[in-house]
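To start, the structure under review is shown below, and the notes come after it.
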Amino acid sequence: MGEVFTFDHPLIQHKLTLLRSKETGPKEFRELADEISTLMAYEVTRDMPIREVEIETPIQTMKANKIAGKKLGIVPILRAGLGMLDGVLKLIPTAKVGHIGLYRDPDTLEPVEYYCKLPTDINERDLIVVDPMLATGGSASAALQFIKDRNPRGIKFMCLVAAPEGIERVQKDHPDVDIFTAAVDEKLNDHAYIVPGLGDAGDRLYGTK
Ligand SMILES: O=P(O)(O)OC[C@H]1O[C@H](OP(=O)(O)OP(=O)(O)O)[C@H](O)[C@@H]1O
Ligand SMILES: O=c1cc[nH]c(=O)[nH]1
Ligand SMILES: [Mg+2]
């Protein structure tokens, strides 16, 4: 079963509190989502392989570490996932980016796909799929399946707020995918919104409500 990593770093928790507050408008919401994503990416990439190379400092030659040419990809789930993309790219600027367009039908709660464009060499890449919200897990599970059908080397899922129901769904459908989240909340409400959550991440990022 995939592991769940919850981030208890004070900076992440502080910024997440500001992000959740209903007083926070779109500009600040975008900035906070970006900053939290960068901080999380630092940990999500902790297991990247390194190799020793020889360099010359101004003083002498030394053996030093470099990342061992690992090919990465970042896949935001549109639209709200875009709010996490630049924050991750700040730390991994050479990663390729794929996009999956999905929205959750408000009546059936089923994910509806409207766009998919992934790097052609996805089978040589380790991917980080990003979406701020893991609610029922329907969107994440569907996105992970589209991606898996193209045989990437490995996949991690990174979100800001997860519900226990969404974690259970991803662990059941995709036991090989680890989940990285800034918080695991209490439950879903009758409209499948995360409680206490932060509301509709896409609307808060882009001011559409
Ligand atoms: O786990 P689930 O129950 O599937 O819900 C989570 C999904 O809902 C939100 O997207 P939304 O459908 O609001 O689309 P948007 O990003 O375009 O706003 C969110 O960004 C996730 O993709
Ligand atoms: O709480 C939720 C659930 C689904 N999508 C959101 O944006 N927020
Ligand atoms: Mg939305």
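Keep in mind that glycine also has a Cβ here, set from the backbone N, Cα and C atoms.
Listed in TrEMBL for this protein:
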- Arg79, Arg104, Asp131, Pro132, Met133, Leu134, Ala135, Thr136, Gly137, Gly138, Ser139, Asp200: 5-phospho-alpha-D-ribose 1-diphosphate binding site (BINDING)
- Ile194, Gly199, Asp200, Ala201: uracil binding site (BINDING)
- 8-208: domain 'Phosphoribosyltransferase' (DOMAIN)
Candidates Asp131, Met133, Ala135, Gly137, namely the binding-site residues, that fall within 10 Å of Ile194 (uracil binding site) by Cα distance: Met133, Ala135
Close-lying binding-site residues around ligand 3 among Arg79, Asp131, Gly137, Ser139, Ile194, Gly199, where CB distance stays under 6 Å: none
Integer Å distance between the CA atoms belonging to Ala201 (uracil binding site) and Asp131 (5-phospho-alpha-D-ribose 1-diphosphate binding site): 9
Where Ala201 (uracil binding site) falls in three-state DSSP terms: helix
Pairwise CA distance, Ser139 (5-phospho-alpha-D-ribose 1-diphosphate binding site) versus Ala201 (uracil binding site), rounded so that it is a whole Å: 14
Overall pLDDT for the domain 'Phosphoribosyltransferase' (8-208), taken as the rounded mean: 96
Binding-site residues compared (Asp131, Asp200) - the one with the fewest other Cβ atoms within 10 Å: Asp200
Neighbourhood of Gly137 (5-phospho-alpha-D-ribose 1-diphosphate binding site) by C-beta distance under 8 A, where only residues 6 or more apart in the same chain count: Ala163, Glu165, Gly166, Ile167, Glu168, Arg169, Val170, Asp173
